[in-house]
């Protein structure tokens with residue numbers, strides 16, 4: 001009886017750990033990052049960290065889509081300029097999956113204002129000015145879910161197992 005309980009407990013713990021490993025975050029390379037040829041370097045950093053890419057595309061976003069995406073900033077004075085800038089060129093939205101993907105992703109990006117970003121972060125290494133900070137990342141699990149559903153259809157996010165997962169997670 002005790003053996004069955006321990007086995008059941010281990011299965012539950014494993015499922016919880018796997019659920020944590022499946023946290024998803026939304027990351028988008030902005031027009032300046034695309035134009036500067038930084039998409040590959042950004043992808044490389046997330047892959048080297050151990051995150052799994054589960055969705056990606058390149059598109060020229062409409063103002064309508066951007067207004068939905070940045071709806072929480074609509075009352076800010078910089079909002080019209082932000083929408084104009086973000087609709088000025090192609091972007092690369094992505095969904096990354098892994099343990100603490102949202103929080104770790106934000107750390108990897110650096111501060112919104114590149115002057116406050118540490119060397120070694122994406123913005124610390126590649127940006128100078130806040131208005132051209134090359135990348136967006138979800139700030140919470142809730143916003144990640146909202147952003148992912150806004151930019152990707154259900155069939156565009158692929159659930160797959162990476163061969164190296166057993167070497168990344170316990």
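Yeah, the Cβs are placed from backbone N, Cα and C, and that goes for glycine too.
Sequence annotations record features per position, and here TrEMBL assigns signal peptide to 1-19. Taken from TrEMBL, the feature domain 'Nucleoside diphosphate kinase-like' applies to 22-159. Among the features that TrEMBL reports, ATP binding site is placed at 30, 78, 106, 112, 123, 133. Taken from TrEMBL, the feature active site, pros-phosphohistidine intermediate covers 136.
Structure coloured by features recorded in TrEMBL.
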| residue | record | contacts (Cβ under 8 Å, 6+ apart) |
| --- | --- | --- |
| 30 | ATP binding site | 85, 86, 91, 132, 133, 134, 135, 136 |
| 78 | ATP binding site | none |
| 106 | ATP binding site | 137, 138, 139 |
| 112 | ATP binding site | 123, 130, 133 |
Under DSSP, is residue 123 (ATP binding site) helix, strand or coil?
helix
How many of the residues that make up the domain 'Nucleoside diphosphate kinase-like' (22-159) does DSSP mark as helix, as strand and as coil?
68 helix, 24 strand, 46 coil
Within 10 A of the CB of residue 136 (active site, pros-phosphohistidine intermediate), the number of other CB atoms across every chain shown is 20
